[in-house]
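Asker: Sharing a structure here in structure tokens format.
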Amino acid sequence: MSSANMSRYTVEVKPRNALSSMPKLASFKDQAAPSWLGGRVTIYAPMVMRDPKEPHRVSSALEKLFDLTLVVALSAVSTQFATNIQYGGDMSHSFTMFLISFFTIWNTWFPYVWFATTYDVDDVLYRVGTFGEMVGILMISDGIAHNITEVVVGYIVLRFFHAVFFRLRAAYEDPARRAVNVKHSVLSTLVMVCWYFQQSFSSTYASQVVGFAVLACCDLAYPYVAQRSTAPAGRTKYHAHHVSDRYSEFTTMVFGESILSLSHATVLKSATAFNGEAISTCIASMVLLFVLWWIYVLVPFGQILHDNPTLTYVVAYGHFFIHAPLAAFASGIYVMGLATQAGGSSHGRRLDGDDTLAISVDTAAYVISMSITMLFVSIPLILSLPHKILLRNALASVVLNVIAATAPGHVTVSTLMWLFCIPVVAVLGIVLMTYRKTVPGLGPPST
């Protein structure tokens, strides 16, 4: 080998004391860790409020890991609701239990997002606190599927780590915002205690539902109370685009649950032949899913929050009426997928009997149409968009519900799903034709 070729493989070896000549950075948090540790490691960083206008801020790797626990939780909620649809029964009770289960999961994600946008320092203590919340979420997920008492224990674990490792630590290390963080911690703990007594002593279904509704309102109200009862200089600030990114990721997770449900429900090929009905249903469901996702991501929530801070709580809480319908949508298409396999019993993936099939398809069609309706109506209402946009979406929703009320029993499952695609694709087409790039004075696109 020539010396010229050997030079390509020469490795420069620096003396050990070369590290001492490295320039010292501003703080310990910013120091580069040795390369053999795999990158930067922060043992400790003061928990002070991050710059709400920090450029190019997106969700961290830790936040994405946290979201994976919610994937498990969403699957538990969707499966529970799909089972209730599949076997009929009291649908008002099923819808109520779905809303309770979904809010329980959504409310574990909500406080973490808004705390992280203000105080994510990503040091060891912060990661331990996140780990504790993840354990609590997994306990809640398992409780939804098996034992309601486990949900209470999971909530206690989650709230303990949130109060101690997050809010009280922020109160100690960020004196300028100590009052608001203490209020968050105290009010959160009080609501948690009320949850415990509500679950322990509610003896009837009515008392459980009423108690849940009251405490859910309290859980949503205490962040507002903590902020508004504090002087403006002592309030926490949020990063509009980071929050928008986090909400978009949760929405994507719910869409992902729809894809997972469809995959679990459909059998595209038996031992002897392809199932054309299942293939067509799968494609139609994916078209519907993709168009709904497209419509959602056209809305510039980050820019809207940045330009209109008064919409903070409306957008934050209003997303429940976007996320919950999408989770119900996942259950609906799961049952539709099962319906394409009706008549057999392979591995428990197929419905049993024509009566059950009729009930399931009718109910699933209603769930799908109402889920899309809630999505179409919620976005214009949350953002106070022009009335013509709300009217357009409402008209498409009427068409969807007419299809759901009249088509099942007269068409195949795949045809029904393709019929659902027509008004939804029409809405996207209108949006794209009237879409204008955001420039000063034009406001958000028509969605």
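Glycine is no exception: its Cβ is also placed from the backbone N, Cα and C atoms.
Pulled these from TrEMBL:
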{"type": "TRANSMEM", "residues": "95-117", "note": "transmembrane segment"}
{"type": "TRANSMEM", "residues": "180-198", "note": "transmembrane segment"}
{"type": "TRANSMEM", "residues": "204-226", "note": "transmembrane segment"}
{"type": "TRANSMEM", "residues": "278-299", "note": "transmembrane segment"}
{"type": "TRANSMEM", "residues": "311-337", "note": "transmembrane segment"}
{"type": "TRANSMEM", "residues": "357-383", "note": "transmembrane segment"}
{"type": "TRANSMEM", "residues": "390-410", "note": "transmembrane segment"}
{"type": "TRANSMEM", "residues": "416-435", "note": "transmembrane segment"}
Asker: With a Cβ cut-off under 8 Å, give me the same-chain residues at least six positions beyond the ends of the transmembrane segment (311-337) that come close to it.
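Answerer: Contacts of the transmembrane segment (311-337) (Cβ under 8 Å, skipping residues fewer than 6 from its ends): 74, 77-79, 81-82, 85-86, 98-99, 102-103, 106, 110, 114, 220, 224, 238, 243, 247, 250-251, 254-255, 257-258, 260-262, 264-266, 278, 281-282, 285, 288-289, 292, 296, 301, 304-305, 360-361, 363-365, 367-368, 370-375, 378-379, 381-384, 413, 416-417.
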Asker: Can at least 3 Cβ pairs under 8 A be found between the transmembrane segment (204-226) and the transmembrane segment (95-117), with each pair 6 or more apart in sequence?
Answerer: yes
Asker: Which stretch, 95-117, 278-299, 390-410, 416-435, tops the Cβ pairs under 8 Å count with the transmembrane segment (357-383)?
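Answerer: It is 390-410 that shares the most Cβ pairs under 8 Å with the transmembrane segment (357-383).
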Asker: If you count every Cβ pair below 8 Å, which range out of 95-117, 278-299, 416-435 shares the most with the transmembrane segment (390-410)?
Answerer: 416-435
Asker: Who are the chain neighbours of the transmembrane segment (95-117) in space, where the CB to CB distance is under 8 Å and they lie at least 6 residues beyond its ends?
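Answerer: Same-chain residues near the transmembrane segment (95-117) but 6 or more away: 50, 60, 63, 66-67, 70, 73-74, 76-77, 80-81, 84, 130, 133, 136-137, 140-141, 144, 151, 155, 158, 162, 166-167, 170, 188, 209, 212, 216, 219-220, 223, 238-239, 242-243, 246-247, 250, 316, 320, 323-324, 327-328, 331.
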Asker: Near the transmembrane segment (416-435), which residues from the same chain, at least 6 beyond its ends, have a CB less than 8 A from one of its CBs?
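Answerer: Cβ under 8 Å, 6 or more out: 280-281, 284-285, 287-288, 291-292, 294-295, 298, 333, 336, 361, 365, 368-369, 372, 376, 392-393, 396-397, 399-400, 403-404, 407-408, 445-447.
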